[in-house]
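Have a look at the structure below before the remarks.
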Amino acid sequence: IQLVKLAGPIFFVLIGKILCYLGMTLRATDFGLTELACHNIMMRIFTFFATFGDSLSQASQTFLPRVLVKNKTNNSDVTTTTANNNNNNSKGSNNNKKNTNGGLIQLTKRLAILSAAVGLLDWSASNFVVHRFGTYFTEEASILALMKQHSFFMSLSLFVYPFIMLFEGAIIATRDLGFLVGTYALTMGILFGQLWFGTNSFGGVWRAIFCFQALRTVQFGFRFVSKTLRGNSEEEKKKKAININGMQVDKVSTNGA
């Protein structure tokens, strides 16, 4: 049952991604064979460089649970030691306070820097491939011209893609799968609406792809910050309040003696 609860939402997400990219390809067919050929080449370039961004999801799923479990363990230890009301518990709690949420923030910073580096690499490399090595994919001048004309949104989508994978991996790691499924359902609806009702040229297809990526970045990033980072900060505040109360009890007991 636990496996089904985990695999079911992930299966929906994977199918949703396939349908989104399939919808983009179907929409590109409405603008002619040249546009469709250009779209297929650009999608190949996009998916090749996107694999580097996928590694951020795996990194987030691997390292984030370990930090979160460590935070909860330290918080439990601090609460237990505070209940003993001895002078040593305040020192231990201060040390734990520095080591709990700080580890999560430090991990987030490192993964964010890595995401930015991968995004910049994908952005520059994909642009370079389109403008310098387009003839390796086709010798049709019209297709090459279309690729160069619309490569901006492809490269921009590749820049934000590692951040999407970082935040998506964090959501999967925290088992916030209901939000993940609901978000993809909403995003798919917006994307299909934009493709069929807000796109009147081939360039609009790749603008829709970028909007699809940007929307997911905002949604997943906001969820990660509000639930994971701020959630752990709230636990830190509660822990600090418990520690202060414990120290006050110690002082009252000492004065009474």
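Heads up, the Cβ atoms here are built off N, Cα and C, so glycines get one too.
Automatic, uncurated: that is what TrEMBL annotation is.
Here TrEMBL flags 75-100 as region 'Disordered'. Positions annotated as transmembrane segment by TrEMBL: 6-24, 152-173.
Long-range contacts of the transmembrane segment (152-173) within its own chain (CB-CB distance under 8 A, at least 6 residues past either end) are made by residues 10, 42, 45-46, 49-50, 52-61, 64-65, 68, 111-112, 114-116, 118-120, 122-124, 126-127, 130, 179-180, 203, 206-207, 209-210, 212-214, 216-217, 220-221, 223-224, 228.
If one looks beyond the transmembrane segment (6-24) by at least 6 residues along the same chain, the residues whose Cβ comes under 8 Å of a Cβ in the stretch are 39, 43, 172, 175, 177-178, 180-181, 184-185, 187-188, 191-192, 195, 205, 208-209, 212.
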